[in-house]
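> A single structure is presented below for examination.
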Amino acid sequence: MNITVIGTGYVGLVTGVSLSEIGHHVTCIDIDAHKIDEMRKGISPIFEPGLEELMRKNTADGRLNFETSYEKGLAQADIIFIAVGTPQKSDGHANLEQITDAAKRIAKHVKRDTVVVTKSTVPVGTNDLINGLITEHLAEPVSISVASNPEFLREGSAIYDTFHGDRIVIGTADEKTANTLEELFRPFQIPIYQTDIRSAEMIKYASNAFLATKISFINEISNICEKVGADIEAVAYGMGQDKRIGSQFLKAGIGYGGSCFPKDTNALVQIAGNVEHDFELLKSVIKVNNNQQAMLVDKALNRLGGVTGKTIALLGLSFKPNTDDMREAPSIVIADRLAALDARIRAYDPIAVSHAKHVLPQAVEYKETIEEAVKGSDAVMILTDWADIKQFPLAAYQDLMETPLIFDGRNCYTLDEALAAGVEYYSVGRKAVVPSGAIQ
């Protein structure tokens, strides 16, 4: 089939590349000419393991093209995916300006009967809006069918998830449209669930809200564990053995971030409010997450008595490992607070520094290695559990710091490892490791 994907952000590019990999001819449209030029050269605008390699392969094979022109990009499309951003407004609602713009451009340039599929995460009822806009502005006498197909990818493993996902959700009441999309997705060999459009829209929000709830729940349990002398790692493992609960998303830390959970939880609170339902549970999930991000700084302040003039090394900046995404990363909240307290901040991340420079305080000093960031610092804060950070030997902190003091927001080390290394170590939901003679 001939597929057009509007938007080459995280969702759009992964969608386009993956569909070309299973044999479809795909054109990705973006109005950013520089971005399109870079992708034509085989340079991905985002870091995602395996994405750039597949992009280059399918471009070379002639199945994947990049275009700035809607007229050219939509001319032969059998199916059009809308994968533009729906950023959060200041009041928590989703901003649908890019969605409505895409719908109007489709109406103006589409030349044949086409299925329009919304891949972007949109509030319930948005596909009705899209259908209305296209119908109102349609320039040619063609038939358009609108469907919902929410994405469930995890940044850092999006390519794997595309080919090994749990389900593909299709929202449409039209049998012909459903059959067309099932044929499109069949090569993925992933179970397909068809439902109505509004339920498909809600499935995405409900799924992300539930996962965010698990994260905030385990973080609240971790805070209690610290006070009663329990170990959150043991508690989470024991909980996860119950198949009704499952072990995923029971990793205590400094909270969630990224492009989905913060935006989607806030949007769902607004969706509920629009129908006069006070979503108290989800409001608490958001509040817990915001508090959790500040927790590590509180621990440092309690231990050091203040951070003014102190050198603090931040290890890991992206919101999670294996991505360069800085959106809503806990490192932003932590760096902002440290800067406001006049701390000297050094930072290391293997991938995300170029993006971090746009959102972290100007005073942050970036280092190319863990050693450079840690050497001579008064304290270290581990914010992202990148593999190289997790594998960095605790004993090395002894050589690099006069008084090794580590605040681990991702529980990268065991307590036994910290004890054996002789470092002062504070983690999440576990007792502190304090060597004899350490000043507290």
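Placement of Cβ uses the backbone N, Cα and C atoms for every residue, glycine included.
From Swiss-Prot, here are the annotated features:
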type	residues	note
ACT_SITE	CYS260	active site, nucleophile
BINDING	2-19, ASP30, LYS35, THR121, GLU155, LYS263, ARG327	NAD(+) binding site
BINDING	GLU151, PHE152, LEU153, ARG154, GLU155, LYS204, ASN208, PHE249, LEU250, LYS251, ALA252, GLY253, GLY257, LYS320	substrate binding site
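I'm curious about the neighbourhood of these features; can you describe it?
Other C-beta atoms found within 10 angstroms of the C-beta of CYS260 (active site, nucleophile) number 27, with every protein chain shown included.
Within the same chain, residues at least 6 positions away in sequence whose Cβ sits under 8 Å from that of ASN2 (NAD(+) binding site) are HIS24, HIS25, THR27, GLN76, ALA77, ASP78, ILE79.
GLU151 (substrate binding site): 22 other CB atoms within 10 A of its CB, across all protein chains.
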> According to DSSP, which of helix, strand or coil covers VAL5 (NAD(+) binding site)?
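Strand, per DSSP.
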> Counting distance between Cα atoms, which of the binding-site residues GLU151, ASN208, LEU250, ALA252 is nearest VAL11 (NAD(+) binding site)?
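Checked the binding-site residues GLU151, ASN208, LEU250, ALA252; minimum Cα distance to VAL11 (NAD(+) binding site) goes to GLU151.
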> How long is the line from the C-alpha of THR8 (NAD(+) binding site) to the C-alpha of GLU151 (substrate binding site), rounded to the nearest angstrom?
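Distance (Cα to Cα, whole Å): 14 Å.
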> With the substrate site defined by the record as GLU151, PHE152, LEU153, ARG154, GLU155, LYS204, ASN208, PHE249, LEU250, LYS251, ALA252, GLY253, GLY257, LYS320, how many Å span the farthest pair of C-alpha atoms?
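Farthest-apart Cα atoms in GLU151, PHE152, LEU153, ARG154, GLU155, LYS204, ASN208, PHE249, LEU250, LYS251, ALA252, GLY253, GLY257, LYS320 are separated by 25 Å.
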